[in-house]
Amino acid sequence: NHTITDQVMHKPVLMGIFVLLYCIIFLLGVSGNTLVVYVVVRNKTMQTITNIFITNLAVSDILMCLLAVPFTPLGYFLQSWVFGEALCHIVPMSLGICVYVSTLTSTAIAVDRYFVIVYPFKPRMKVFVCLLMIVAIWVISISISLPLGIYMELTPQADESFMCREKWPRVQAGQFFTVTSLILQYIVPCSIITYCYTKVSLALKKRSRSKIGSGSKSRERDEMEIKRKRRTNKMLIAMLEPFINLSM
């Protein structure tokens, strides 16, 4: 990382490209996700369970852009932390919260789609329950990320600059937090998401075959509904791919 950083810092063209990319990510991330929030909040017909969860994802992504994009490139360029002790605690914790919110919300979307498609005759989740789940997601995310706000400190460097780094009371505590984060942020969510969408895909294929040659007058309508649900699930899976790749 330091070698790449040194190369970027000593080549103005690379530095310009680096800054430009971060600016594009920032503008697209904030504007695109803000538009999602605006459309869902203003349009009641859009306030479905899935869209409410997607709105929560958008809010998390906005916070991620506001916190990660400004500080990450500056940290690379300066190779030090110049934002003060308070932000040294706030920024890592906030980023941890955003990652957990995105992870848990993506898992909730997968579980919701699983019950909607695999068990279509069971009652749908109520909006009130969905909102309670979102509150729970934020509370859990804050609770799990709290150690990042506590065990961060400014470490002096040889050139009198400072770095913002984790400092755990014991090495084992840091290792436990790392392993727990790996399990809760990646292994468990990815396992649940993979299981849910696999079952959804199988259910849609089975339903599609059962409609062929049924002779029902509503067959065309049923096939269109299956295709619509399949497109929706493909879109949701496409949304989750970046999360899975980034988690790895």
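Each residue, glycine too, has its Cβ placed from N, Cα and C.
Positions annotated as domain 'G-protein coupled receptors family 1 profile' by TrEMBL: 32-248. The transmembrane segment annotation in TrEMBL covers 13-41, 53-78, 90-115, 127-152, 172-197.
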Leading stretch by Cβ pairs under 8 Å, where the reference is the transmembrane segment (90-115) and the options are 13-41, 53-78, 127-152, 172-197: 127-152
Residues from the same chain, set at least six apart from the ends of the transmembrane segment (53-78), whose C-beta lies under 8 A from its own: 5, 8-9, 15, 18-19, 22, 25-26, 29-30, 33-34, 36-37, 40-41, 87, 91, 94-95, 97-99, 101-102, 105-106, 108-109, 112, 130, 134, 137, 161, 239
